[in-house]
Amino acid sequence: MNRREFTKLGLLAGAAGIGGIPLGITRAVGQTRGGTLNTIIQPEPPILVTALNQQQPTLTLGGKIYESLLRYDFDLKPLPGLAQSWEVSPDKLTYTFKLHPNITFHDGAPLTSEDVVFSIMKVLIENHARARNTFSRVEKAEAPDPLTVVFKLKAPFAPFLTAFDCTTAPIVPKHIYEGTDYRKNPANAKAIGSGPFKLKEWVRGSHVHLVKHEGYYRPGEPVLDEIIYRVIPDSASRSVALEQGTVQLTQWTDVELFEVPRLSKLPHLTMTTKGYEFFAPHTWLEFNTRIAPMNDKRFRQAVMYAIDRKALLARIYFGLGKVATGPVSSKTKFYEKNVKAYDFSPEKAKALLDEMGLKPGADGKRVTIPYLVPPYGETHQRTSEFIRQSLARVGIDLQLQGIDVAGWAEKFSNWDFSMTATTVYQFGDPALGVSRSYVSSNIRKGILFSNTCGYSNPEVDRLFEEAAVATSDDKRQEFYSEVQKIMVEDVPVAWLLEIDYPNFMDKRLKNVVTTAIGVHDTFGTVSFG
Amino acid sequence: MRALALSITGNRGVAIAIAIVQWVARFVAVVLVIATFNFVLVHAAPGDPAQVMAGQSGAADEEMLTRLRAEYGLDKPYPVQLAIYLKRIVTLDLGYSYRQQRSVLSLIAERLPATLLLTCCAFLLSLSAGVSLGTLAGVRAGKWSDTALTIVSLFLYAMPVFWLGLMLVLLFSVQLDWLPAFGYVTIGVQMTPFERARDIAAHLVLPVVSLGAVHLAIYARLMRSAVIDVAHQDFIKTARAKGLRRGQIIVHHMLRNAVLPVVTVAGMQAGTLVGGAVVIETVFAWPGLGRLTFDAVLQRDYPLMLGIFLVMSVIVIGLNLLTDAIYRIVDPRVSLRAAS
């Protein structure tokens, strides 16, 4: 018996588990079934109903409770979810899904095609911006029999089959929501879905306790008995929790990136950056191209040359990611790698700035530009400082302005900024997650993640539109390759990195990351050993 | 003044009644002023809750923003929003947090006990330990034990509270594995009430020590200098001359006189009991009101923020009254002056 165990026996005889490792884990050792997974949810979500709220933590937790028709492998190819098979008509206008039989909601009611049609055409279209963009293209959704759902589109929409993951199209029970004010429905507190886990208890500020859904339709799932999501607001405490074994899994930014090298060395942990393919987070410097000097293409190109993005990746992101080469993530279909390359070259940057007449003054500064530091944690702060230093070397003086989330969102979305940085998700297809940042039709004041930079190029608009409705992948690739080449020359924003977020997990954990949405998936097959 | 005048003429009952009415009127006025002030302050910041929610969900469009703003009542002009708010407060309705989908009062009621438990324990610890250590240092002024206590209290005073918390976690949780690193109670375990109390007590130790450290140091410093001050006064010499034992002198003569500055500072600390633990609650993942406040601020949850601020101000006003009362008990000379 080592000291740890001894102390535990002595101290914890009365209050079992004071040492922080709940009994569920001990029980799970050496077993393949049962057990409790302890993990982190940060920040605490306001509600768990993913159809009504799509904040990051809501989606992570809600993915265990709510399912959708499909799932996606790491290459974003569809896999069966609630639907066991599906068919697309040759004209790409009709999509027919066959549901698994015997699916039940947590309250025991059966899940049928009526629930699917109701969720998608009513609840999601009303409440889910991302789903609305896709499903408002549906002309008619029908439920000819309890296990069949048919969507008829107004016009072909290529990425339609990519929109049925549980974060985009969660299915909620019609018998509970129909005819009510969805957002104020008291059942929201119970979060009744059809996923492998159901809500047992939510102690605000402390934890969310999920337990096995006994009536789950997939035989043998879920393997775990319980999942406990703990709310741990301090990043240092989160690392301690992982180190100590109090939690066995972290996701997204639970662990600050500078902790990654240290935690990676711990013998009881393993780390993977897989499971973010669907989101494919893309970080870039955003210019307000409506105002000088950001309105000059040469200035934006100079910024691309002036930043050593490899060094940024190595020093600030500890190698967790890749240098971005253009608007489309290399993890997404239709990525084009043959585009203009911006190698690190302060000389080229200076030459471009000279050429556009932006000469250095007596103090060596060519121009002073305010820069809003994105209020999303330590890594963004460090990135901003890195960029300020990089640009200072070519005479661009950035003035960093700290701000809180609401202030940042307000200024950024209302075009009241010169430069800032943002991280945007690609959602599996350029038509879902890329074009929205650049097409003229999406220049909408007051709306975040629209075309905030103010870039407008009729040729780019046309290519994106044609690519979205083209019915063959080859044709789409052609359009997307062309648009990427044009945009990389134009540099509407300065693409920095494709970020890989680390998932740390206890070595005994199996099957945590099996699809392109990683930790957002149902966890039905996750097990200890 | 009027209350005082009446009490001198002997109409004591009437005087007390008038005093109470005056006090209640003043209390209501102060609360309404505070509420208005809070409202203006909260709405002066750029950005609104709808924007924050949109910023965290990775996608947004007009429809979503318009709907959220209508839900939050943010589409009405400010004066109208303020009027609605003040009217509700008068009927003791603190509103509804759309973000959390719960009534503000229930959210506060749920978190208040955890915070009170934490901060009251820290308060008692810092007060008792601070006064004892300060007295000890004061009566042993100049000796090595005084120097040691002084160094320790300066050290505690200078230490950032989050850093102390983290160091304690590293030592007692990570290295020694004696105490839980964070949380309020062990999750997912069936416990008898007694086991539960023990479990909560174990979870309390580190946050209470971290939170209490700064004030402990302040009390110790104050107490030490006051004791040294009092020790040289004539009545102590007289007491000694009467042949009283040293312990009696310290307890009956020195402490009562030396403790007044501590009561003043303790009254101020008491004011922070409700909301002052944000940092510690964050470091130790303590499900209290401080963190609820912090989250509400970050998320611009206006109804919740305003509700918390209001509850806090009411409690602070109450604690101020209590401090006054204690002052009068400790030093009877205060009462007459305070009554006017």
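Just so you know, glycine gets a Cβ as well, placed from its N, Cα and C.
Whatever TrEMBL says is automated annotation, not expert-curated.
TrEMBL lists B:12-41 (among others) with the feature transmembrane segment.
TrEMBL lists B:112-323 with the feature domain 'ABC transmembrane type-1'.
The transmembrane segment annotation in TrEMBL covers B:116-139 (among others).
Among the features that TrEMBL reports, transmembrane segment is placed at B:151-174 (among others).
Within its own chain, the transmembrane segment (B:200-220) is flanked in space by residues 117-119, 121-123, 125-127, 129-131, 133-134, 137, 149, 153-157, 159, 161, 164-165, 168-169, 172-173, 179-186, 262, 265-266, 269, 277, 280-281, 283-284, 286, which lie at least six positions past its ends and keep a Cβ under 8 Å from the stretch. The transmembrane segment annotation in TrEMBL covers B:200-220 (among others).
Annotation source TrEMBL lists transmembrane segment at B:258-284 (among others).
Beyond its flanks by at least six residues, the transmembrane segment (B:304-327) meets 27, 30-31, 34-35, 38-39, 42, 85, 89, 94-95, 97, 99-100, 104-105, 107-108, 112, 260, 263-264, 266-267, 270-271, 273-275, 289, 292-293, 296-297, 334, 338 of its own chain at Cβ-Cβ distances under 8 Å. The transmembrane segment annotation in TrEMBL covers B:304-327 (among others).
When each of B:12-41, B:151-174, B:258-284 is scored by its Cβ pairs under 8 Å to the transmembrane segment (B:116-139), the top-ranked stretch turns out to be B:258-284. If you look at the transmembrane segment (B:151-174), the same-chain residues 6 or more away from its ends with a CB under 8 A from one of its CBs are 133-134, 137, 180-182, 205-207, 209-211, 213-214, 216-218, 220-221, 279-280, 282-284.
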